[in-house]
Amino acid sequence: MNTYIDIGINLTNKQFHDDIDDVVQNALDADVAQMILTGTSVKNSEASARMAREYPGVLYATAGIHPHDAKSFDAQSIAKLRDLLKQKQVVSVGECGLDFDRDFSPRNVQETCYKAQLELAIEVQKPLFLHERAAFTRFLSITKEYLPQLPKAVVHCFTGSLQEAKTYLDNGLLLGFTGAISDTRRFEHLKEVLQYVPLESMMIETDAPFMLPKNVPNSLLKKYHERRCEPAYLPYVAGTVAQFKGISLDKVAEQTTKNARAFFAI
Ligand SMILES: [Zn+2]
């Protein structure tokens, strides 16, 4: 039997309000043994930490401020995140980074908020869950300033170019892949990226309820919840990795799980 770890789900999203227990159980039934809830703001990180505490050993959480929420960053934010990071189910700092695609927060505010969280990760020595969209150059240059002291870091939901992937790996970062990799029309280039990235340097995630993998069979969608992505679909992300790399699903499950356990110390 394979075991999978979903390193990024948004279980506090309102799409899951009515059936959290079922969603977790469906995931466990699909061999997804552990899941990490992504914290995207102080409030959301607090909610994620609370939810994770209800399922010890199964759910974990990150604590951080997404670049979209950087405008909510204030003088109390870091102290509140630091407090959350003292809880043992809160295993990672983030998600944090830069998003110049949608610019929901001003870029200079995003940068201030990101740097403060890099400093927090150095202080608490918990791994970083990073977000970068359309901001590669600036993101890399800020991250590199802190790199010598940084704990381990993963750039989650990677959809960038092969050159960007190479640069991240060369700087010691890991990459997280979602169901986006099965969208071969929109993200055709990711096949080449996945063939390049060593299995030892990647982890997998569903980013549920977003990023529904294209290869989930309709019968399964009907059984659970149509059009909503769930952590139970993580094996389909692994399936695409296996297909692109020409290796067995077992190998992908085994190594990505090993990576996630070591990375998050779970
Ligand atoms: Zn993200």
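Including glycine, each Cβ sits where the backbone N, Cα and C put it.
Taking the Cβ of Asp207 (divalent metal cation 1 binding site) as reference, residues of its chain lying under 8 Å away and at least six apart in sequence are, in sequence order, Gly8, Ile9, Asn10, Thr38, His156, Cys157, Thr178, Gly179, Cys229. Secondary structure from DSSP puts Asp207 (divalent metal cation 1 binding site) in coil. Look at TrEMBL and you will find Glu95, Asp207 tagged as divalent metal cation 1 binding site.
Sequence annotations record features per position, and here TrEMBL assigns divalent metal cation 2 binding site to His131, His156.
Close contacts with ligand 1, defined as a Cβ under 6 Å from any of its atoms, occur at Glu95, His131 among the binding-site residues Glu95, His131, Asp207.
For His131 (divalent metal cation 2 binding site), applying a Cβ distance below 8 Å and a minimum sequence separation of six or more within one chain yields His66, Pro67, Gly94, Glu95, Cys96, Gly97, Leu98, Asp99, Val155, His156, Cys157. Within 10 Å of the C-beta of Glu95 (divalent metal cation 1 binding site) we count 26 further C-beta atoms, all protein chains included.
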